[in-house]
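Participant: These came from Swiss-Prot, pasted as-is:
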type	residues	note
DOMAIN	1-157	domain 'Obg'
DOMAIN	158-326	domain 'OBG-type G'
BINDING	164-171, 189-193, 210-213, 280-283, 307-309	GTP binding site
BINDING	SER171, THR191	Mg(2+) binding site
DOMAIN	341-419	domain 'OCT'
REGION	420-458	region 'Disordered'
COMPBIAS	423-446	compositional bias 'Basic and acidic residues'
COMPBIAS	447-458	compositional bias 'Basic residues'
Amino acid sequence: MSFLDRVKIYVKAGKGGDGCLSFRREKFIEFGGPNGGNGGKGGDVYIKTERNLTTLLELAYNPHIEAKNGEKGGTYNKTGVGADDLTIYVPCGTIVKKDGEIIADLTEEGQSVLVAKGGRGGRGNQSFKTHSNTAPRISEIGQPGEEITLYLELKVLADLGLVGFPNAGKSTFLSRVSAARPKIADYPFTTLNPNLGIAMHKKVSFVIADIPGIIEGASEGKGLGHQFLKHIERTRVLLHLVDPMGFKDIDAVESVKVIEKELKTFDRELAKKPRIIALNKADLPEAKEVYNKIVKKYKKHKVFLISAATGEGVDKVLNEIVKVISATPVPNVAISKSTVAVHGVEPLFKIVPLEDGRVQVFGRKIEDMVNMTHFNQLQGVERLRNIFKKIGLEKALIKKGVMPGDIIVVGQKEFEWSGTELDSERAEQPDFEGYKRRTTQAERLEKRRQRRLKKEEK
């Protein structure tokens with residue numbers, strides 16, 4: 001399977017089911033009353049870690065993820081069925097980002113985070129029944145689910161990280177001690193992505209990450225250095241494999257110092273990790289001499305002479321690896337405070353003039369109110385108008401200089417403002433599309449009188 005450590009996904013939670021508008025109509029029951037049920041809740045979207053996964057490749061092929069919608073409410077106060085939640089599985093070590101801010105750092109198996117909340121079901125007319133309104137003709141549309149664009153970044157979690165210059169034999173060592181089968185060839189940069197393997201030694205199991213070859217200048221981004229070095233941040237122990245022949249014009253003894261410098265420059269914490277040095281390719285004639293030089297110069301590190309190809313000395317270095325891993329705690333990677341999203345109290349609404357002359361009203365709650373309103377239901381429109389008045393939206397629009405005839409955009413709806421400031425410092429309500437003002441009792445009596453006059457004339 002190919003390795004992928006960055007991916008962009010689009011997530012949409014499920015929409016809530018619509019509420020039902022119905023009345024109980026049965027023989028011998030004169031005042032049955034409202035019996036419209038509520039809609040079901042839309043499905044939430046979670047991101048959860050799974051140990052068996054090692055790449056984000058599958059999400060790259062399926063970046064659009066959408067949960068199911070809740071079902072509509074029914075008559076006889078039947079509540080619609082809520083949709084099942086949707087879970088996106090990712091490898092351990094995945095960082096979830098939104099707008100450049102970290103919203104979750106999933107390092108342990110089974111960790112999960114809610115990234116998109118499903119919409120609540122719209123209320124049926126039974127829910128609007130009150131002492132003063134015993135037969136409400138109003139119901140709600142289901143609340144839309146949250147939509148969000150996320151960036152996932154994987155930082156490999158491993159007990160042992162294999163580091164070194166290209167062609168030092170890291171992939172050969174991994175294939176020797178585990179069942180992993182990375183690509184192995186006699187040219188540098190054979191490994192372009194981290195490879196993971198699980199090794200077992202003396203009844204101790206540990207995860208090994210084969211990090212692609214690091215070159216001089218990697219800490220400054222040379223040779224995709226940043227992409228490779230970030231995967232070392234969460235390893236517990238480092239095994240530095242050295243080629244006796246060196247790399248290019250850098251000899252084997254000097255190469256140890258170069259890698260140490262690159263680790264320290266990229267992140268000082270990397271240089272503090274326990275590190276074991278293994279001179280690979282022990283079958284080469286000059287290997288023994290180079291080994292003695294490294295032991296003499298780097299006395300603070302344990303140095304081993306091995307051959308990953310033949311297995312010579314591998315057991316000895318595995319003994320040391322198990323010993324060091326057992327004594328080293330799992331790294332606790334702290335997230336920088338400057339990158340953590342800090343959310344304050346969101347205002348109820350925000351008014352923003354648009355370039356085309358329209359006025360946009362933003363606000364999660366107020367947009368949901370509009371999107372959940374049936375504009376073909378008179379009582380629903382009146383309820384929304386009263387809400388606009390109570391939350392102070394009308395006065396705020398007047399203060400912003402909104403004039404009669406201006407278009408107000410809220411959520412997915414557009415309204416034509418017909419209000420003017422009155423002596424009582426109140427304005428008329430927005431003129432809703434398709435809305436007809438409720439007639440007064442005097443107007444209804446006048447219409448009846450007009451109909452009687454027409455009949456008498458005939």
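Each Cβ is built from the backbone N, Cα and C atoms, and glycine gets one as well.
What you see is a predicted model, and the numbers here were worked out from it, not measured in a lab.
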Participant: Return the count of C-beta atoms lying within 10 angstroms of the C-beta of SER307 (GTP binding site), excluding that atom itself.
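Facilitator: There are 20 of them.
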Participant: Within the domain 'Obg' (1-157), what mean pLDDT does the predicted structure show?
Facilitator: 91
Participant: Given the binding-site residues LYS170, LYS281, which one has the fewest other C-beta atoms within 10 angstroms of its C-beta?
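Facilitator: Across LYS170, LYS281, these binding-site residues, the one with fewest Cβ atoms within 10 Å is LYS281.
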Participant: Measuring Cα to Cα, how far is LYS281 (GTP binding site) from SER171 (Mg(2+) binding site) in Å?
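Facilitator: Their Cα atoms are separated by 13 Å.
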Participant: By a simple count, how many Cβ atoms lie within 10 Å of the Cβ of PRO212 (GTP binding site), its own Cβ left out?
Facilitator: 26
Participant: Using all protein chains in view, find how many other C-beta atoms are within 10 Å of the C-beta of SER171 (Mg(2+) binding site).
Facilitator: 25
Participant: Among GLY164, ASN167, all listed as binding-site residues, which has the most CB atoms within 10 Å of its CB?
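Facilitator: Most Cβ neighbours within 10 Å: GLY164.
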Participant: Treating G and I as helix alongside H, and B as strand alongside E, what does DSSP give for the domain 'OCT' (341-419) in helix, strand and coil?
Facilitator: 28 helix, 17 strand, 34 coil
